[in-house]
Amino acid sequence: MTKTKIIGILNVTPDSFSDGGKYNSVDKAIARAKEMIDEGVDIIDVGGVSTRPGHTEVSLEEEMERVVPVVEQLVKLDVQISVDTYRSEVAEACLKLGATMINDQWAGLYDPKIFDVVSDYNAEIVLMHNGDGQREQPVVEEMLLSLLTQANKAEMAGIEKGNIWLDPGIGFAKSRSEEKEVMARLDELVATEYPVLLATSRKRFIKEMIGKETTPAERDEATAATTVYGIMKGIQAVRVHNVDLNVKLAQSIDFLKENEHERHHLS
């Protein structure tokens, strides 16, 4: 059965929009990681730089100090480790320790050396669509062009196609109407035949789906609805805060999709 991967978010930051400060010591971060493993997480994504609107710029040294000690301990656990960074130096330090995936919110545009680093360690990379929000093309066309250009650079650096993930970047450099367009046309990203990761968890897009004022933690059920929708569209992974809920939903949808596939196959 095709299994949708659940990537659990572990922010080791003081200022992330959903859980800033909650896991910003090594002990707290490891305790949360163990909880996620018990809940059935496939990959834990460690981030030391907040992406919330208005976040403070973090120096390379500070990002290293936040992330590396956590990764050093996480690699002792039985789980795949991803690091959410756009800096090749952080990527290299963490891959050297045993991380096997880099989640780059700038898709190699900020630091092109990241492709060579990921290739050297035969690791996976997530390329997220981002930008300044200014575009001359419609959003989906611009997203596809941008991501495929960066994916090609990743392949040229020696990263295997199956190790290159595409993320449509919900919550980044898009208007609300553009985000709705991207969600409706996720299957066009899936059609590129690169594995696709969807990361909507607790974001403003989810808040607007609900249609009323909510805290980030109150957006988990609506986030899970996008998990189901994404799986039906063909995505292969979701990046979420609430691992338990999304594991259960993804397993159930995977089962139902497989059942439908088998019935078609038999007939």
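For all residues, glycine too, the Cβ spot is worked out from N, Cα and C.
According to Swiss-Prot, the feature domain 'Pterin-binding' maps to 1-251, an assignment based on sequence analysis. According to Swiss-Prot, the feature Mg(2+) binding site maps to Asn11, an assignment based on similarity to another entry. Among the features that Swiss-Prot reports, (7,8-dihydropterin-6-yl)methyl diphosphate binding site is placed at Thr51, Asp84, Asn103, Asp167, Lys203, Arg239, Val240, His241.
Shown here: features listed in Swiss-Prot, placed on the structure.
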| residue | record | DSSP class |
| --- | --- | --- |
| Asn11 | Mg(2+) binding site | strand |
| Thr51 | (7,8-dihydropterin-6-yl)methyl diphosphate binding site | coil |
| Asp84 | (7,8-dihydropterin-6-yl)methyl diphosphate binding site | strand |
| Asn103 | (7,8-dihydropterin-6-yl)methyl diphosphate binding site | strand |
| Asp167 | (7,8-dihydropterin-6-yl)methyl diphosphate binding site | strand |
| Lys203 | (7,8-dihydropterin-6-yl)methyl diphosphate binding site | coil |
| Arg239 | (7,8-dihydropterin-6-yl)methyl diphosphate binding site | strand |
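In sequence order, Ile7, Ile9, Asp45, Gly47, Ala199, Ser201 are the residues of the same chain, not among Thr51, Asp84, Asn103, Asp167, Lys203, Arg239, Val240, His241, whose CB sits within 8 A of the CB centroid for the (7,8-dihydropterin-6-yl)methyl diphosphate site.
Around the Cβ of Thr51 ((7,8-dihydropterin-6-yl)methyl diphosphate binding site), the number of neighbouring Cβ atoms within 10 Å comes to 17.
Cα to Cα, Asn103 ((7,8-dihydropterin-6-yl)methyl diphosphate binding site) and Asn11 (Mg(2+) binding site) are separated by 13 Å. Of all the binding-site residues listed here (Asp84, Asp167), the one with the fewest other CB atoms within 10 A of its own CB is Asp167. Cα of Asp167 ((7,8-dihydropterin-6-yl)methyl diphosphate binding site) to Cα of Asn11 (Mg(2+) binding site): a span of 18 Å.
In this structure the alpha carbons, written CA, of Val240 ((7,8-dihydropterin-6-yl)methyl diphosphate binding site) and Asn11 (Mg(2+) binding site) are 11 Å apart.
Proximity of Arg239 ((7,8-dihydropterin-6-yl)methyl diphosphate binding site) to non-local residues of its own chain (separation of 6 or more, Cβ distance below 8 Å) is seen for Ile7, Gly8, Ile9, Asp45, Asn103, Asp167, Leu197, Leu198, Ala199, Ser201, given in sequence order. A gap of 10 Å separates the Cα atoms of Thr51 ((7,8-dihydropterin-6-yl)methyl diphosphate binding site) and Asn11 (Mg(2+) binding site). Across the domain 'Pterin-binding' (1-251), the model assigns an average pLDDT of 94.
Neighbour count (other Cβ atoms within 10 Å of the Cβ, all protein chains): 22 for Lys203 ((7,8-dihydropterin-6-yl)methyl diphosphate binding site). The two recorded residues, Asn11 (Mg(2+) binding site) and Lys203 ((7,8-dihydropterin-6-yl)methyl diphosphate binding site), have Cα atoms 15 Å apart.
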